[in-house]
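Colleague: So TrEMBL lists these for the protein:
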BINDING   E149, H208, E223  Mn(2+) binding site
Amino acid sequence: MTWRIVHVCQSEKMQLKLDNLLIKKMGEDYVIPLSDISIIVAEGGETVVTLRLLSALSKYNIALIVCDNEHLPTGIYHSQNGHFRAYKKLQEQLLWTQEQKDKLWQIVTYFKINNQQDVLSMFEKNIDCIQLLADYKDHIEFGDKTNREGHAAKVYFNELFGKKFVRLTQQETDVINAGLNYGYAIMRAQMARIIAGYGLNPLIGIFHKNEYNQFNLVDDLMEPFRQIIDVWVYQNLLDEEYLKYEFRLALTDTLNAKIRYGKETCSVTVAMDKYVKGFLKCISDKDTSKFYCPIVSSVEWS
């Protein structure tokens, strides 16, 4: 399992050297084996990336996240051929029934609200809000037809970050939203590369169906992992005004945090991999016994 997340800031060039990433910066060369890397985060508009390197990143199933002038992720480059039986996997994915998708979305939504409830409990928030989330969690229908997820999200964010907090995904004007969006983008990229590695097409989701979204399945499956970022932001950014470089580095490193998944403690990246395996087990064998909720309240920062 690859684990290294490489954060590249203001380099002149990134290129391939044998089977290594070569970074040229201020007259210095930095060499990192591609086999050690899961994600590269690139900041700085002057960086040149060679086509040979991009081809190698695809071969090694390494995600490349590109950031804008505000240091916020704006694009993800990832492998389109992460599995040797990609066509067979696509055929199988297209045969998922609506009943299967609705059941899985019910489970994923339960996981998400369960973690939101745990986060509020961690920080000793209002007991009535915590109980309300518990009630939402216990009354999720197939496919979440009554939108318990949406109702829970409003209660959760207002209680965690205050009644005046408004969740924004674009044109962030505050450090809280900037931190959430940065961290979510890192989680999204990791989930995308794991999904590609199992031969799944990220376009075809179980709930999200936006025709303009290339990552519908990614956005479905990452929902119970978002709260890891929520915890980090709450613990570190409430009194800050700007998403400084050291904060961006720390958010990138949340993938190496330790978390409980099933009966073991592992990195967030490993938990994501096991989670996707469990998801596929649900599809193929109708077996939910290996599909666990990542326990966000157990998180330990690296």
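A Cβ is built for glycine as well, from the same backbone N, Cα and C atoms used for every other residue.
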Colleague: Within its own chain, what residues at least 6 apart in sequence put their Cβ under 8 Å from the Cβ of H208 (Mn(2+) binding site), listed in sequence order?
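Modeller: Within the chain, H208 (Mn(2+) binding site) has Cβ neighbours under 8 Å at N216, L217, D219, D220.
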Colleague: Other residues with Cβ within 8 Å of the Cβ centroid of E149, H208, E223 at the Mn(2+) site?
Modeller: W105, V108, T109, K112, F207, D219, D220
Colleague: I want to check the contact list for E223 (Mn(2+) binding site): same chain, sequence separation of six or more, C-beta distance under 8 angstroms. What comes out?
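Modeller: Sequence-distant Cβ neighbours: V108, T109, F111, K112, E149.
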Colleague: So if I draw a 10 Å sphere around the Cβ of E149 (Mn(2+) binding site), how many other Cβ atoms end up inside it?
Modeller: 20
Colleague: Can you tell me whether DSSP puts H208 (Mn(2+) binding site) in helix, strand or coil?
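Modeller: DSSP assigns H208 (Mn(2+) binding site) to coil.
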